[in-house]
Amino acid sequence: MGQFPWTTALLFEALRITILYPTRHHAFRVVAFAAMIYVAVQVYLTMEASRGASYTIGISTALHLGFTTYLLCGEGSFPDHWRRVRDQAHAKSDAGGSENLPSNFSFMKKLWWTIDLAYSVRMIGWVQEPQDLPTHPPPSRRTFLWNTSLKFIVNLFLVPDLTTLVIGQSPAFDSRLHDPTDGPETYLAAVPLLRRVPYVVAFFIFMGSLTCGCHNLLALVCVGLGGSSPTLWPDNWGSWGDAYTIRRFWRKTWHQRMRPTLAGWGGFVANKIFKFPRGSNRSSYTKLYVGFFLFGIIHLSGDFMCARRMIYDPCKFFLLQPIAITFEDFVIYLAKRSPLLGGIGLGNRTGAVVRVAGYCWVMLWLCLALPVLTGEQSTIGFNDFDRGPIARFLFDKWKQYAVDRQR
């Protein structure tokens with residue numbers, strides 16, 4: 001195992017920032033972009049000892065490469081198409097707001113604009129900010145820091161620890177409990193369907209809480225140092241209560257860090273390549289399938305960094321999602337027009353009975369689909385979760401209680 005190429009990764013980021021510098025002179029971008037692709041390839045060809053770090057850098061490199069390419073080629077003319085909506089932290093220093101063209105900014109303002117754009121993968125505070133994001137926090141810095149500190153502790157320590165009570169050292173995920181010759185079908189896929197429910201719930205909560213904790217930490221640093229406004233840091237995830245359809249699960253509940261990139265490229269393919277009218281079903285479903293396909297490619301990049309070989313399970317898993325959403329939309333379409341079901345609030349999906357049925361449907365689908373994603377990952381040891389200290393304490397107490405009852 002090699003060491004992580006910090007120099008190469010920093011060079012990749014430096015080239016990315018250079019490419020996004022707001023000037024109308026585009027010739028230098030061609031050379032810098034070719035160099036960035038070359039450096040990205042070098043990142044993927046270098047092994048890292050930690051699987052978690054390798055997976056993260058693999059996904060981040062693919063996301064940043066796709067995001068940068070979209071900014072340059074996907075929509076409007078670069079750089080003046082991309083505008084910031086000024087928040088309270090910078091309102092006094094930039095009275096002109098987004099009416100000023102980035103290509104006309106002063107050097108220091110251009111530099112800040114470039115860094116802001118390069119790392120605004122969610123496009124928070126930009127004119128192009130996507131809809132359906134969680135509510136923006138109020139501008140009170142003290143309140144934000146206090147609330148975010150509590151969220152950080154819960155998301156990065158407490159919740160992941162408790163979820164390992166279910167997924168930690170479990171045969172459904174842990175390769176250390178299997179023979180090296182065992183295939184993906186012997187992991188979560190071998191668990192009976194209904195018994196997968198606690199594993200699926202714990203797995204998604206575990207992954208979600210870790211990403212939220214990292215988001216909280218970054219928000220604390222940026223807002224605490226005064227470099228950013230609290231209003232630019234809505235929660236990384238939406239409400240679990242919104243996940244009563246598969247579409248809403250991915251659109252509202254799941255993190256939106258990749259959405260501007262995926263939706264942007266989906267719109268580019270649907271509206272600029274195929275020339276489908278905006279808002280039409282052909283346009284909407286093309287964007288849906290393209291977005292999830294790219295979602296799979298980005299996650300495939302992370303798996304490649306860990307396994308040093310192509311694992312196509314992420315593409316399979318994420319391409320199954322738009323198929324399920326299409327089926328779901330068709331069922332809802334029929335139900336809206338049914339004389340028996342049309343009067344129970346199915347059209348607005350607000351009825352309690354409908355929501356409960358929706359939650360059951362989403363859970364059933366995730367129980368069916370998740371083994372596609374985690375099977376091959378588990379065989380390479382990526383899902384070898386150890387129990388946290390709280391989970392170990394509770395597990396040992398439960399074992400002792402079970403032994404005492406048998407005496």
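The backbone N, Cα and C atoms fix where each Cβ goes, glycine too.
Annotated features, as they stand in TrEMBL:
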DOMAIN    233-309  domain 'Wax synthase'
TRANSMEM  26-47  transmembrane segment
TRANSMEM  53-73  transmembrane segment
TRANSMEM  199-226  transmembrane segment
TRANSMEM  288-306  transmembrane segment
TRANSMEM  356-373  transmembrane segment
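Simply put, out of 26-47, 53-73, 199-226, 356-373, 53-73 has the most Cβ pairs sitting under 8 Å from the transmembrane segment (288-306). Counting residues 6+ beyond its ends, the transmembrane segment (26-47) has Cβ neighbours under 8 Å at 1-2, 4-5, 8-9, 11-12, 15-16, 18-19, 54, 57-58, 61, 65, 68, 72, 301, 304-305, 308 in the same chain.
Distant neighbours of the transmembrane segment (356-373): 184, 187-189, 193-194, 196-197, 200-201, 203-204, 243-246, 249, 313-314, 316-317, 320-321, 324, 328, 349; these residues of the same chain sit at least 6 beyond its ends, with a Cβ under 8 Å from one of its Cβ atoms. If you take every residue in the domain 'Wax synthase' (233-309) and average the pLDDT, you get 91. Sorting the domain 'Wax synthase' (233-309) by DSSP state (H, G, I as helix; E, B as strand; all else coil) yields 53 helix, 0 strand, 24 coil.
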